[in-house]
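What follows is one structure encoded as structure tokens, with my remarks underneath.
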Amino acid sequence: MTGPSPSRLPAPAVSPAIDPSTDSHLFLEAVTKNFGSQAVLKGIDLSVTRGGTTAIVGPSGSGKTTLLRIIAGFEAPTTGRVSLSGEAVAGPDGWVPAHKRSIGYVAQDGALFPHLTVGQNIAFSLGHIPRARRKERVAELMTMVRLDPDYAKRRPHQLSGGQQQRVALARALAHEPQLMLLDEPFSALDAGLRVATRRAIAEVLKEAGVTTILVTHDQAEALSFADQVAIMRDGNLAQVGNPFVVYTRPADRATAEFLGDAVILDAWMEGSLATCALGAIPVRRPPVQGEVVIMLRPEQIRIAEDGPIRGTVLDTVYFGPETTVRLLLPDAGETISVRHWNAAIARPGTELRLRVVGEAVAFPKG
Amino acid sequence: MSTTLDRDAQRVRAGRGSHPGRPSGVPGLTIIATLVALISLMPLGYVAYMTVATGWDTAVALIFRPRVMELLSNTFWLVVCTVPACLVLGVAAAWLVERTGLRGRRLWGALLAAPLAVPAFVNSYAWVSAIPSMAGLSSGVLIATLSYFPLVYIPAAATLARLDPAIEQSAASLGLGPWAVFFRVVLPQLRIALTGGGLLVSLHLLAEYGAFAMIRFDTFTTAIMEQFRSTFNGQAGNMLASVLVLGCLLLLLAEVRSRGNARYARIGSGVQSSPSILPLRWYQLPSQLFLLALTALALFFPLWFVIRWMVVGGPAIWNLSEYLPALTQTLGYGLAGAAVTTAAAFPLAFLAVRKPSWFSKTLELANYVTSSMPGIVVGLAFVTVAIRLTPALYQTNTVLVIAYALLFMPRALVNLRAGLAQAPKQLDEAAQALGVSPFRAFLRVTLPLSAPAVASGAALVFLAITNELTATLLLSPNGTNTLATYFWSYSTSIDYASAAPYAFTLILLSAPMTYLLLQQSKKAVGQ
């Protein structure tokens, strides 16, 4: 039914399948969590490779923070198992409390201890090493997270939000965790700082070789930070896979729309070609034949002088580096949005020619 | 919700022995908190039991008689006259200090809270010693208003200082004049402060013994004390106590209902600008005179007479062989009571902040109800229960300290709750994620962060105990005297000069309480 499809996109590097036989650091098996009668997690299976970075992304209320708290040991799962390096830490086979799990945890607001200085915060778990060595270690950790060691004497409230997050990271790293959990650590920061802090923290964690799990509601953050993205919706993992795969080949329409702008069109599937308002578009592994909806990313629809499809500009929204152009396809009567770098060509009423690049993803209709 | 968590915990635990440090279970704390709440309900239980044991006919005969009707009418008119007077004075003073261009606002702010440092019975003593003919309802209303209006002033001022001026500005932009803004926007936002303050004033009026006994004005509390003095444990006294308790519970209910679901926190994010200040112009002088008259009557008048009697008495009134033991005894009760009360309140506060559920709410409610019990009822309950069940404990320091703990637990609770809220659960968890056990995380994070609030709660309890008269008269061991009981025995035998050193010491000890209450109310509104 699939046949050789004319793929112009590179094949994904990582398989999204869960396979505990590889070097799995964290392994979740059918984890559920109820608060009273409310089911927050409805059966989560997830495997995280040692040294890898995983982002759990989902809208607020989808259960992602609860999942993180179960991994950390602040909550117990209602049913299911959690194992770390093959050892059961939660579930019917045993229980390991949070402070014995060797897991680092960076909370949304950093959760720095307000009664301690920055240095004392970082040294919180270093009580067992001699005082002089401790000071050295704090300075090392501060350099590692790109903080001026002179800040050690300051109080947390004297730092900016981004600096506080780096202190929280340094404090967590001081404990030398095997696994680092980041609970929306960048969401309280403003846009510019967020990108810089995210990059700095990603580098530090990569250098330290720590397995990392990031929880976020920001899909761009998830896609840019992690090498495995798990999309969470209503207490389930809708899809787990590498960022490229989940973005270009989402498992369902909701995931497609959550991960970025999507052009959704009705289409008729025959073989591996979907016929729609934009003509016949190749689809990789179509799920059914006949009536479907297809999804294209706006950047797959290019404005080209020799393009086969006609479109009339309805209106535009200017974003600076690019412009979102809303087009009416006169042949089909449908409206789509595309992106273009040049605002000047897209005056309302102008007729443009379009070309589709790459493959579409098809979903069963309804 | 907590019960579900516990059940889950047990289910998982059943798998393989016990697993220490599970995130859901705090059974030890729950048991202690439940015990504390049960003990705190004892006075109410005592009154209910006595009412039932008396039998319907006897109870009706004892309650529906002219004497009770007279007490009821006295107490009713006392509340009906004093509470509105306190509300008007408190709000007017708070508004002048916080929202107008009053000169010397900071000084007035402190002076208007200061009358709380003069215990009501000391205030009454000053008035009676100055004007011996003072008696009856009007004198009671005057003295009570002057003693208790700061209970309205303090929360009203704290709320006014924190009200979001943007709301008033919006009202003004909708075409409301300054008076309309005050009545339609500002006053409704003061509702919690006013109902809370009004309740506190009413409960004080029902519970106060010394101030009204001194001016021979009979309320339920003074009548119960008289009955207790004459018949020790008569049914008549018990029935009076049931009516009094019923009154307190009705007040509590009224306050809960009128408080409703009002919220006073600011909605939305961003930094609040400071409130707008109304220039007083030609109202400056009348305002200054009004506040001067108020503080003169409430603060300087009693202070002046206490000092005058000390001067009149000269060195002869300083009987150090009485004064020093009374002082150490008072401080001892204060310290022991503060320690016991804070320790007993801690599990309740911890559960309320960290594990909020219907169960923790019920425990808190039990305590709230007890807080409305007058000292005389708590005293009576402890006397009777101690004699019947544990005669060995009757008239011992243990019973007195437990009674203090019940009476003043809410003061500790309010502070502990605020303090624990300063130490959010996330910090505890952060410590645990750094490999620190839950108990050590509590010691290293939660305790240091909540310590200031614990200390100020304990200090408030300490100060309240040093001023306590009614329960102390009933429960203190034979031959043991506190500052308050010495003051009481001298002033009731009209030896005003000998009472003066004790009155002066009581005022000195209470002064820090005023400051603490002022700080606490600012924090409470800030949350």
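Any Cβ shown, glycine's included, is placed from N, Cα and C.
As recorded in TrEMBL:
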type	residues	note
COMPBIAS	B:1-11	compositional bias 'Basic and acidic residues'
DOMAIN	B:72-257	domain 'ABC transmembrane type-1'
DOMAIN	B:327-517	domain 'ABC transmembrane type-1'
REGION	B:1-22	region 'Disordered'
TRANSMEM	B:21-40	transmembrane segment
TRANSMEM	B:76-96	transmembrane segment
TRANSMEM	B:108-128	transmembrane segment
TRANSMEM	B:140-158	transmembrane segment
TRANSMEM	B:194-215	transmembrane segment
TRANSMEM	B:235-254	transmembrane segment
TRANSMEM	B:289-311	transmembrane segment
TRANSMEM	B:331-353	transmembrane segment
TRANSMEM	B:365-387	transmembrane segment
TRANSMEM	B:399-420	transmembrane segment
TRANSMEM	B:441-465	transmembrane segment
TRANSMEM	B:499-518	transmembrane segment
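Across B:76-96, B:365-387, B:399-420, B:441-465, B:499-518, stretch B:499-518 shows the highest tally of CB pairs under 8 A with the transmembrane segment (B:108-128).
Here the transmembrane segment (B:140-158) has long-range neighbours at 78, 81-82, 85-87, 89-91, 93-95, 97-98, 109, 112-116, 118-120, 123-124, 127, 190, 192-194, 196-198, 200-201, 204-205, 208, 211-212, 215, 217, 219, 294, 297-298, 514, 517-518, 521-522, 524-525, meaning same-chain residues at least 6 beyond its ends whose C-beta is under 8 angstroms from one of its own. In this chain, the transmembrane segment (B:331-353) lies out of contact with the transmembrane segment (B:235-254); the count of Cβ pairs under 8 Å, excluding pairs fewer than 6 apart in sequence, is fewer than 3. At the 8 Å Cβ cutoff, the transmembrane segment (B:441-465) and the transmembrane segment (B:289-311) share fewer than 3 close pairs (sequence separation 6 or more) and do not count as touching.
The stretch in closest packing with the transmembrane segment (B:499-518), judged by the count of Cβ pairs under 8 Å and taken from B:76-96, B:289-311, B:331-353, B:365-387, B:399-420, is B:289-311. Ranking B:289-311, B:331-353, B:365-387 by CB pairs under 8 A with the transmembrane segment (B:76-96) puts B:289-311 at the top.
With Cβ pairs under 8 Å as the measure, the transmembrane segment (B:331-353) is packed most heavily against B:399-420, out of B:289-311, B:365-387, B:399-420. When Cβ distances are compared across the two stretches, the transmembrane segment (B:365-387) makes no contact with the transmembrane segment (B:289-311), since fewer than 3 pairs at least 6 residues apart fall below 8 angstroms. Tertiary neighbourhood of the transmembrane segment (B:289-311): same-chain residues 89, 92-93, 96, 102, 108, 111-112, 114-115, 118, 122-123, 125-127, 129-130, 146-147, 149-150, 317, 496-497, 499-501, 503-504, 507, selected by CB-CB distance under 8 Å and a gap of 6+ residues from either end.
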